[in-house]
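Trainee: What follows is a structure written as structure tokens; I'll ask about it next.
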Amino acid sequence: MSEARRDSTSSLQRKKPPWLKLDIPSAVPLTAEEPSFLQPLRRQAFLRSVSMPAETAHISSPHHELRRPVLQRQTSITQTIRRGTADWFGVSKDSDSTQKWQRKSIRHCSQRYGKLKPQVLRELDLPSQDNVSLTSTETPPPLYVGPCQLGMQKIIDPLARGRAFRVADDTAEGLSAPHTPVTPGAASLCSFSSSRSGFHRLPRRRKRESVAKMSFRAAAALMKGRSVRDGTFRRAQRRSFTPASFLEEDTTDFPDELDTSFFAREGILHEELSTYPDEVFESPSEAALKDWEKAPEQADLTGGALDRSELERSHLMLPLERGWRKQKEGAAAPQPKVRLRQEVVSTAGPRRGQRIAVPVRKLFAREKRPYGLGMVGRLTNRTYRKRIDSFVKRQIEDMDDHRPFFTYWLTFVHSLVTILAVCIYGIAPVGFSQHETVDSVLRNRGVYENVKYVQQENFWIGPSSEALIHLGAKFSPCMRQDPQVHSFIRSAREREKHSACCVRNDRSGCVQTSEEECSSTLAVWVKWPIHPSAPELAGHKRQFGSVCHQDPRVCDEPSSEDPHEWPEDITKWPICTKNSAGNHTNHPHMDCVITGRPCCIGTKGRCEITSREYCDFMRGYFHEEATLCSQVHCMDDVCGLLPFLNPEVPDQFYRLWLSLFLHAGILHCLVSICFQMTVLRDLEKLAGWHRIAIIYLLSGVTGNLASAIFLPYRAEVGPAGSQFGILACLFVELFQSWQILARPWRAFFKLLAVVLFLFTFGLLPWIDNFAHISGFISGLFLSFAFLPYISFGKFDLYRKRCQIIIFQVVFLGLLAGLVVLFYVYPVRCEWCEFLTCIPFTDKFCEKYELDAQLH
């Protein structure tokens, strides 16, 4: 075996080029003097200091790292599902996604709900408030390495300050604390070993560009005649610094030119820090380079105590998200620096572009959304409270923003549907009252009459209520068999059962009417069995009839033959599609010219036998093929969409969520888009599209269901319930971040004022307050169940699990109760209309009675 290995080694040596030289150092065993707390380093670059450059050195990995990892048993499907469910709800014990969510929540809170507590400002690095963290004040234990390898004992970072610098109330309201010093283009071991380091809190990777931004850039490139691919590469080649997305992952992010600004003189240090913006495009001066070269030579001085104010003031020119923080006038004179002695190890050769990477990345870092301090928080001037636990702070910093895919998709659908609805159905009269149209129209009696058409005006600049119902608005008679509408249709059919054909004496026409409407002097009312033309059924004359242009004796399709004879009740007769005798039957009701056919008018299922001119004027649905109103189903015509499974029983329950994508007009759609691009988009960046989509849709469905119960005869469109459900998320977010806000009650009353204003605005027509109330309540339950939040200990984590179960059960109970009230035990509320529309005038609110004269 050894001979074969020796042969292979010799063959490899023969193939080695003569210019290649291999120098493999031998492994040096670790001495017994090493401390027990020595931690293995996976990156050799961590051994570099920010202070003084030295030669490159390497540390051999411990022997236990060379061992093969212990095999672990694969997790079962049950454990995987359980762990995934816990991660999704945010109650996992060791979930990185949960920590990211919690850190993001705190960032959102700092933007949306006002100022944080000063303790939070000291332990949190929130770019939205321009504050500086003082949390990297704990000095970690020094790193001991083998003396035979590196020739040194320890590396101590002087920037790692201890707890002695902490003061409980040094940060007053309105003032921001200075940043933890982060040397541009350099890092130390302490910066990475301490969990509270300022460098540790830098964002991992910037998000990709949005689709809209890339589309606009591609369109601009095409307009200029350039290729999209060339434009992208050309922009990437013009970078003067390392992209931020590769700062921490592809490299170890350490400078090629090690910074010695901590040991420089005060004048040079101030000049260096004040010229950071110029270094992006200009080279440093020769004097500064000479001073930097002289600094490592003075390495035999002993260290002294560092003054906290002087240390923090020297770093006030670091870029803080957007802009620069300048030194205040009248500051105390700097104390003289004392040289420190520190042995450092350099690990790599010079690398261009790294010196300015950290400050530029800090300057152009994308703004995150702190938990509880989003867009609404910026408008209401919220901040965190003074003190907050470091565990909560770490949860905030790990949060990453989500892409608002659901918001963009919803906005596109709303815009497209609104444009199509306005283009197809037109725009109704604009206003707050009722619009009346009067004209002279030929009716079924053969004479012209002045008729009036009443229509509710739409101040949203959009289609009429009839058109919105046809598009899929929330309308109870289309979703269930409404008792009042069904009773109204049955009474109309009962009257039609006793009607007959009224034939005018001058043979100008005939129409199906009641005896009261047929003139006894100018026409003949052909009523069976009184009239001699009555047919027989089962050996006796029929008791109901006649029907204009329909008789069982002359109809071939469908024919009235035993055992399929037409029933006695004319309201159950089918539509005759083919007659055998034509217009010469010697029956007066068959040989006349019919002047009226069924027309469905209004939105309550009212049918009237009239002329086509009158039907068109009243915006009805004229049925040329039928002769009786009982042969048509007006509710099917009014509702549109998919036909009912049973024509007598409406079943379009899908209107509960279909109406969420409709709007009453252009202004209504613009209001929804503004809400979605501000509040909804802000929340989706925090919680993700799946959670926000669940809350949005379920809140809207619950709100529409409650509105269908209490306002059954009113057509409603728009995501009113969904929007109030999203507003409820803001309240839940405020409650969850109550412990870290400086003035939570002020934020609560501001949110409450916004909700009360929107509720008052819902007293206008076409705005449903029942959907607002139900959507808000359901949004509260869903937000407590689906939105993870910041945990303040193990007890809080267990409470969250109980909270998820309880609020899910409560929401399901609320939804089940509303379903029972809608389908099983329908209720009628007379005064509920005043809760959603106050009639300031007689024509301000739309009428909902089932009177035949109202439409």
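Using the three backbone atoms N, Cα and C, a Cβ is placed for every residue, glycine included.
Swiss-Prot lists these features:
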MOD_RES   Ser76  phosphoserine
MOD_RES   Ser176  phosphoserine
MOD_RES   Thr180  phosphothreonine
MOD_RES   Thr183  phosphothreonine
MOD_RES   Ser390  phosphoserine
TRANSMEM  412-432  transmembrane segment
TOPO_DOM  433-655  topological domain 'Lumenal'
CARBOHYD  Asn583  N-linked glycosylation site
TRANSMEM  656-676  transmembrane segment
TRANSMEM  692-712  transmembrane segment
TRANSMEM  715-735  transmembrane segment
TRANSMEM  747-767  transmembrane segment
TOPO_DOM  768-772  topological domain 'Lumenal'
TRANSMEM  773-793  transmembrane segment
TRANSMEM  804-824  transmembrane segment
TOPO_DOM  825-855  topological domain 'Lumenal'
Trainee: Which bits of the chain, at least 6 residues beyond where the transmembrane segment (412-432) starts or stops, bring a Cβ under 8 A of a Cβ in it?
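Mentor: Same-chain residues near the transmembrane segment (412-432) but 6 or more away: 455-459, 461-465, 467-468, 470-471, 661-663, 665-666, 668-669, 672-673, 676, 764-765, 844.
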Trainee: Can you name the far-off residues of the same chain, 6+ from the ends of the transmembrane segment (715-735), with a Cβ under 8 Å from a Cβ of it?
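Mentor: Answer is 105, 108-109, 112-113, 371-372, 376, 465, 468-469, 471-475, 603, 659-664, 668, 672, 675, 679-680, 683, 687, 692, 695-704, 706-707, 741, 744, 747-748, 751, 754-755, 758, 762, 766-768, 771-780, 782-784, 787, 789.
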Trainee: Grab the pLDDT values for the topological domain 'Lumenal' (825-855) and give me their mean, rounded.
Mentor: 69
Trainee: Report the DSSP secondary-structure composition of the topological domain 'Lumenal' (768-772) as helix, strand and coil residue counts.
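Mentor: Per DSSP, the residues of the topological domain 'Lumenal' (768-772) fall into 4 helix, 0 strand, 1 coil.
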Trainee: Please report, as numbers and ranges, the same-chain residues at least 6 past the borders of the topological domain 'Lumenal' (768-772) whose CB is under 8 Å from any CB of it.
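Mentor: That would be 700, 703-704, 706-707, 709-711, 714, 716, 720-721, 724, 758-759, 762, 832, 835-836.
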Trainee: By the DSSP assignment reduced to helix, strand and coil, which category contains Ser76 (phosphoserine)?
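Mentor: Looking at the DSSP assignment, Ser76 (phosphoserine) belongs to neither helix nor strand, so coil.
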